[in-house]
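*Asks:* Pasting in a structure now, in structure tokens, and then I'll have a few things to ask.
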Amino acid sequence: MASRISTLKFLFALLSTFTIAQVSSAGDPDITSDFLVPPDVNNIDGNFFTFTGMRALVDGDFPTNFTVMKASMVEFPALNGQSVSYAVLQFPAGSTNPPHTHPRSAELLFLVAGSLEVGFVDTTNKLFTQSLQAGDMFIFPKGLVHFQYNADAKNMAFAFSAFGSANAGTVSLPKTLFATDIDDNILAKSFKTDVATIQSLKSGLASK
């Protein structure tokens, strides 16, 4: 646990650098005030600008499944209008963050511990991949399909991601395609397979 706390302290020391980088390429609309206050909030003090949701990382147990902890405007309303947000990604051994997109922002990933196989696909269908080690950073361009995979069968991986939007959004391809109400026949024709295969994929996602 001591080593984990040391790693977190090192990570937080770099967060301001990430913020500057993301704000410089922010995609959210500019605001005409210093900050935005929700309609139901009357008294503003330092608590409004403080997010404590990551404290669980210091003393909590590492999860058994891939887990994302977000600090977006949904969880941290003070981010609204500030064009920045973060996510903590925890990868148990052999786990993956399935292919997905962020429609409103690029993602700057910083790997704190472990190793990750990462990649994205551009609009010409070219795949760009990399094997990351602790201390490496990787950029996933805005809106492009990308993934992260901890191929290590024994060790966890731990990463932070910075976004140039207070609400980058996440579109999970497996869930969007196979855990919604898109007609089975349409999916079968799109993937050049049969309805039974599509239903099997849907069933597998529903059971998780």
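Using the three backbone atoms N, Cα and C, a Cβ is placed for every residue, glycine included.
Keep in mind that TrEMBL annotations are predicted by a computer and have not been checked by a curator.
Feature table excerpt (TrEMBL):
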- Asn97, His102, Glu107: oxalate binding site (BINDING)
- His100, His102, Glu107, His146: Mn(2+) binding site (BINDING)
- 55-199: domain 'Cupin type-1' (DOMAIN)
- 1-26: signal peptide (SIGNAL)
*Asks:* Any idea which of the binding-site residues His100, His102, His146 has the thinnest Cβ neighbourhood at 10 Å?
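*Replies:* Comparing Cβ neighbours within 10 Å for the binding-site residues His100, His102, His146, His100 has the fewest.
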*Asks:* Calculate the distance in Å between the alpha carbons (Cα) of His146 (Mn(2+) binding site) and Asn97 (oxalate binding site), and round it to a whole number.
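*Replies:* Counting only the Cα atoms, the answer is 9 Å.
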*Asks:* What average pLDDT is reported by the model for the domain 'Cupin type-1' (55-199)?
*Replies:* 96
*Asks:* Show which residues of the chain containing Asn97 (oxalate binding site), separated from it by at least 6 in sequence, have their CB under 8 Å from its CB.
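*Replies:* In sequence order, the residues whose Cβ lies under 8 Å from that of Asn97 (oxalate binding site) (at least 6 apart) are Phe66, Val68, Leu89, Phe91, Phe147, Gln148, Tyr149.
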*Asks:* For His100 (Mn(2+) binding site) and Glu107 (oxalate binding site), what Cα-Cα distance in Å is obtained after rounding to a whole number?
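*Replies:* Between the Cα atoms of His100 (Mn(2+) binding site) and Glu107 (oxalate binding site), the distance comes to 12 Å.
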*Asks:* Specify all same-chain residues, apart from the site residues Asn97, His102, Glu107, whose Cβ lies within 8 angstroms of the center of the Cβ atoms of the oxalate site, ordered by sequence.
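*Replies:* Output for this site, in sequence order: Ala87, His100, Thr101, Leu109, Phe140, His146, Gln148, Ser161, Ala168, Thr170.
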*Asks:* Hey, for the Mn(2+) site built from His100, His102, Glu107, His146, who else sits with CB inside 8 A of the CB center?
*Replies:* Thr101, Phe120, Phe140, Leu144, Val145, Ala168, Thr170
*Asks:* For the domain 'Cupin type-1' (55-199), jot down how many residues DSSP puts in helix, in strand and in coil.
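*Replies:* Secondary-structure composition of the domain 'Cupin type-1' (55-199): 26 helix, 57 strand, 62 coil.
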*Asks:* List the residues of the same chain that sit at least 6 positions away from Glu107 (oxalate binding site) in sequence and have their Cβ under 8 Å from its Cβ, in sequence order, or write 'none'.
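*Replies:* Long-range Cβ contacts: Ile139, Phe140, His146, Ser161, Ala162, Phe163, Ala168.
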